[in-house]
Amino acid sequence: MVIKSPQDFGAGILFILFGAVGLYVGSDLTFGSARNMGPGYFPMIICGLIALIGLIVTVKSLAIEGPAIERIRFRPIIFILLAIAAFGILISEIGAVLSSILLIMFAAYARRDVNPVETVVFAVTTAAFVVIIFVYALGQPMPVWWGR
């Protein structure tokens with residue numbers, strides 16, 4: 001057995017593992033039926049589909065040539081994780097608008113070729129949509145600005 005596409009093989013194995021873990025975790029939930037769905041119905045179906053997609057991708061990686069696995073770049077991983085953590089910590093203190101802007105501004109530096117003007121425009125637009133969708137349309141109880 002020769003792996004012709006290491007990237008697809010690795011992705012397929014990860015999908016299978018995630019699907020299997022989801023199936024294991026959800027195995028305690030009542031499955032139900034299509035007519036009377038239990039709390040485990042949707043998660044089990046989704047996890048099964050994820051594992052099936054992983055199996056298909058893994059088998060495909062044995063038959064079709066593909067790219068090799070690239071070197072892991074830690075800069076994007078670190079900046080994205082820190083941006084999400086900062087958003088979660090700051091949203092209750094400084095509100096949805098500023099924490100959304102900071103999230104986008106900080107996450108943008110995961111790339112080396114950051115355009116500051118585009119990033120600011122995207123951050124402000126995203127913050128506006130966060131407030132419109134989550135606060136006003138969905139009625140989520142989150143502060144829009146600090147102190148509220």
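Note that Cβ sites are derived from N, Cα and C of the backbone, with glycine treated the same way.
Database features, via TrEMBL:
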type: DOMAIN; residues: 11-143; note: domain 'DUF1468'
type: TRANSMEM; residues: 12-34; note: transmembrane segment
type: TRANSMEM; residues: 40-59; note: transmembrane segment
type: TRANSMEM; residues: 79-108; note: transmembrane segment
type: TRANSMEM; residues: 120-139; note: transmembrane segment
Give me the mean pLDDT over the domain 'DUF1468' (11-143), rounded to a whole number.
92
So, by DSSP, how many helix, strand and coil residues make up the domain 'DUF1468' (11-143)?
96 helix, 2 strand, 35 coil
